[in-house]
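Novice: Pulled these from TrEMBL:
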DOMAIN    16-230  domain 'Cytidylate kinase'
BINDING   G20, P21, S22, G23, S24, G25, K26, S27, S28  ATP binding site
Amino acid sequence: MAGFSLGGGYSRGMIIAVDGPSGSGKSSTARGVADRLGLRFLDTGATYRAVTWSAIEHGLDLDDTAAVAQRARELRLELSTDPLNQFVIADGTDVTAAIREPRISERVSKIATNLDVRKELIRRQREIIDEAQPSGGIVVEGRDIATVVATDAELKVLLTADQEARLARRGAELAVGSVTAEQLRDQIVRRDADDSTVADFQVASDGAVTIDSTDLSLEEVIDVISRLAKEASPRSHDS
Ligand SMILES: Nc1ncnc2c1ncn2[C@@H]1O[C@H](COP(=O)(O)OP(=O)(O)O)[C@@H](O)[C@H]1O
Ligand SMILES: Nc1ccn([C@H]2C[C@H](O)[C@@H](COP(=O)(O)OP(=O)(O)O)O2)c(=O)n1
């Protein structure tokens, strides 16, 4: 989906925001939509996970909010925005797999509820969104994209699914035996409760479309969002 010029040389593509709770299908859906529409992709959760990894690597007390925020500001972070080739490099180390480990998932909410860390990461997320505009735009997934990070997104989606479906999906995704049932429930139920103290992803924001994926396949969700995106695209209003 080509961008369009607003005059003055600024090229504005399109921003699609996909927010929702853990296991609702945000990442896989957003990647699929980005691939289908030729847009870039940003997994903002990976930025919080990368800071968590770095803070642990540096032996920081995660409750020392000032020290963790300083780490976030100093972290050299490289995120792929290619939906088909995702990687995360933190201070020169490829942490793409490491940031998905249970030891990170269990602690990331502590980082994500550090408001100074949020301020720094939202600044970086917005830079990435701006850099993607000349190439046509970007699909951004997380918890606060429509409400905070990119309030001017042309399409805002709140992607939900019932708790049992989210538990089942996350469970099926993780290697057998890699997490206990308690760890899985912690990753979904406890983390949602923690995350919702700093981001409102339980109720659709103004202008957002709510999609309940409980009984939809991944492809069906990608189809729906892709169609909505084409209708919302700035170019769809060209005369
Ligand atoms: N609509 C769906 N139906 C069934 N499985 C899905 C659906 N959407 C995503 N999944 C699968 O559920 C798991 C979690 O999806 P993910 O995109 O990581 O969710 P989130 O980013 O919201 O935590 C993945 O294995 C993904 O392939
Ligand atoms: N924009 C965002 C993205 C993620 N977070 C929080 C929510 C989670 O606890 C962590 C990790 O997010 P991530 O999307 O990787 O988690 P799930 O894949 O949804 O389980 O960061 C946030 O507060 N704001």
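Yeah, the Cβs are placed from backbone N, Cα and C, and that goes for glycine too.
The model shown is predicted, which means the values in this text are computed figures rather than measured ones.
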Novice: Within 8 Å of the centroid of the Cβ atoms of G20, P21, S22, G23, S24, G25, K26, S27, S28, which other residues of that chain place their own Cβ, given that this set defines the recorded ATP site?
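Specialist: Not counting the recorded site residues, we get T29, E141, L159, A161, R166, R169.
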Novice: Let me check the 10 A CB neighbour count of S28 (ATP binding site). How many other CB atoms are there?
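Specialist: Summing over all protein chains shown, S28 (ATP binding site) has 15 other Cβ atoms within 10 Å.
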Novice: I want to check the contact list for K26 (ATP binding site): same chain, sequence separation of six or more, C-beta distance under 8 angstroms. What comes out?
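Specialist: Non-local contacts for K26 (ATP binding site): V18, D19, G20, E141, G142, L159.
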Novice: Among the binding-site residues G20, S24, S28, name every one whose Cβ is found under 6 angstroms from ligand 2, counting any of its atoms.
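Specialist: Within range of ligand 2: none.
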Novice: For S24 (ATP binding site), what residues in its own chain, 6 or more apart in sequence, show a Cβ-Cβ distance under 8 Å?
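Specialist: Once residues fewer than 6 apart are set aside, S24 (ATP binding site) is near L159, T160, A161, R166, S213.
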Novice: I need the most crowded of these binding-site residues: G20, S22. Count other C-beta atoms within 10 angstroms of each C-beta and give me the top one.
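Specialist: Highest number of other Cβ atoms within 10 Å: G20.
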Novice: State the three-class DSSP label for G20 (ATP binding site), counting H, G and I as helix, E and B as strand, and everything else as coil.
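Specialist: G20 (ATP binding site) sits in coil per DSSP, no helix or strand.
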